[in-house]
């Protein structure tokens, strides 16, 4: 599942016919962002989406052109395909190696958490590449090309969120030592809260895995000639193969290899662009002249798409929902030997994530340096902005055998890392949250260790096949797919609110948590689907440098101008115009505040007392104070004053479990 479990990404959804051969522009072809504009507003692995109105579509019926044939796009050569094949073979080989090494994936402990034996570096890299999917790489570069560099501010939220995850959420999950993160909710609240959160997560991640497989395949087909059908099947089967037989160890090690290819692909684009235009400084200068450089948007208006406030606060909530309480990332951090190692892995992942994010943003400017005076979208060479990166590669590198193949391998690697993470986590959640409890209830005892390991592998492979099926269905499920991906974006905030409510307060009850989360879900779905919303303004593009610029009539430019001016229309209801970056904070606040109010009201009217819960279920700061208070209660009951004289509050809360040790002495 990828943070940016995506923040901005646009994915190629819709019927896109082969554009590799010369042909006339179809009269009914519309851009991807017009067919499914939610993708153009999406972020992260997990990311909010905005539903836009077709009333703002710019279809090619508004365009009259004498460009009877499209320029033929270069395709990959045999060297490129060989590189892709080698990448796939290495990934599959890693799975085979871990199938027949170590414990041979015969226990749940090894299959899902690698017997807690992984080193810090592969876990840190896996935390990054699970977060940065293929659609994120394509979408972030397109974001900076289309809307400018304001989005890079989101990296500040990663710095703010990392210590919160390390010293807030991670200690709770590490002490719990559960395969499923949602087991926490049962221990803290009850089975209903666990089932609600687990089911929502299960649906969103399953649908997301299909989209992550489909989107880059379609984008690469339209620009490089790689068959969409072949890439979906081959990538899906290879991913299902090594995820199934190699377990979490294979997934983590392949993440390292695939992460390296992702970096190579991005740096390749920047390097080629710098060489073509005369250096990195020239890329920056061209972007400045094209009004792409923007870092100073501090507007407090929540309807402004990207500002320092929305990217920092909204990005923080999204980051915490993906790294703090998400099964994919929690499961990875539990594969190391102790909590200190997990915290070091998390801290190491931060500079890696920031580097990949910033360089991907800069790659958008690198692409702009080539197309700043001949925009391929206006020329109808591509039908969506997420095709910019592969188109650029084929335009600039196709004459160098192997380079396009390295890029394609990097994009496929980004997809593989996200899909394999999803498959392994889906298998863990399904087995732990549904199959095991149901089997125990029906039969009276639990699965044997051998049967549990076998079922885990069956589930992982099954989810791999389902991902392939969903990838093929994506092109036929436009409306439903848009709805499901919107759900994927907006559930992060409410789920973060549920976990924070449990870890940060003693008075929260199961009914309060469930009602708060359901209310937040309903509110967010309403503001997303309540009414079509205006298209966000795009920065100006030009076709003045194109060879056939004279043949493109002014109707194109007139429509583009009206398209931009129509954004921010005050006739739209205010809530429908709120930036998608505020969805996660809104969901979090509604869940937390309403859940706390309902919990206290229920305790007041129903006279329900606080349960004596395990202190380890709370944030460490709160847990230490709970232990101290309980020690004081023990002292009062025994009419002893020695504890308060001998130990201060700072002595007791300064170390984990110190209060428990003192209580034992009483």
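One-based numbering along the chain as shown.
Glycine too: its Cβ is placed from the backbone N, Cα and C atoms.
Annotation comment: TrEMBL describes 78-98 (among others) as transmembrane segment.
Per TrEMBL, the feature transmembrane segment maps to 119-140 (among others).
Per TrEMBL, the feature transmembrane segment maps to 152-174 (among others).
Sequence annotations record features per position, and here TrEMBL assigns transmembrane segment to 195-214 (among others).
Per TrEMBL, transmembrane segment is recorded for 226-245 (among others).
What TrEMBL records for 252-274 (among others) is transmembrane segment.
Under the heading transmembrane segment, TrEMBL lists 347-368 (among others). Tertiary proximity for the transmembrane segment (347-368) is limited to same-chain residues at least six positions away from its ends with a CB under 8 Å from its CB atoms, namely 120-121, 124-125, 127-128, 131-132, 136-137, 140-145, 149, 151-152, 154-155, 158-159, 162, 166, 259, 262-263, 266-267, 269-270, 272-274, 283-284, 286-287, 290, 292, 388-389, 392.
As annotated by TrEMBL, transmembrane segment applies to 406-431 (among others).
Marked as transmembrane segment by TrEMBL: 452-474 (among others).
Look at TrEMBL and you will find 480-499 (among others) tagged as transmembrane segment.
Annotation comment: TrEMBL describes 511-529 (among others) as transmembrane segment. Among residues of the same chain six or more beyond the transmembrane segment (511-529), those with a C-beta under 8 A of the stretch's C-beta atoms are 48-51, 185, 189, 192-193, 196-197, 200, 483, 486-487, 490-491, 493-495, 497-498, 501-502, 575-576, 578, 583, 586-588, 590-600, 602.
Per TrEMBL, the feature transmembrane segment maps to 580-598 (among others).
In terms of C-beta pairs under 8 Å, the stretch of 152-174, 406-431, 452-474, 580-598 lying closest in packing to the transmembrane segment (78-98) is 406-431. Of the recorded ranges 152-174, 226-245, 252-274, 452-474, the transmembrane segment (406-431) has the largest number of C-beta contacts under 8 angstroms with 252-274. Away from its own ends, the transmembrane segment (252-274) comes close to residues 87, 90-91, 94-95, 98, 114, 118, 121-123, 125-126, 128-130, 132, 137, 141, 242, 280, 282-283, 332, 335, 352, 356, 359-360, 362-363, 366-367, 369-370, 389, 392-393, 396-397, 403, 406-407, 409-411, 413-414, 416-417, 420-421 of its chain (Cβ-Cβ under 8 Å, at least six residues beyond either end).
Within its own chain, the transmembrane segment (226-245) has Cβ neighbours under 8 Å at 76, 88, 91-92, 94-96, 98-99, 105, 213-214, 217-218, 220, 251, 254, 408, 412, 415-416, 419-420, 423-424, 457, 460-461, 463-465, 467-468, 471-472, counting only residues six or more beyond its boundaries.
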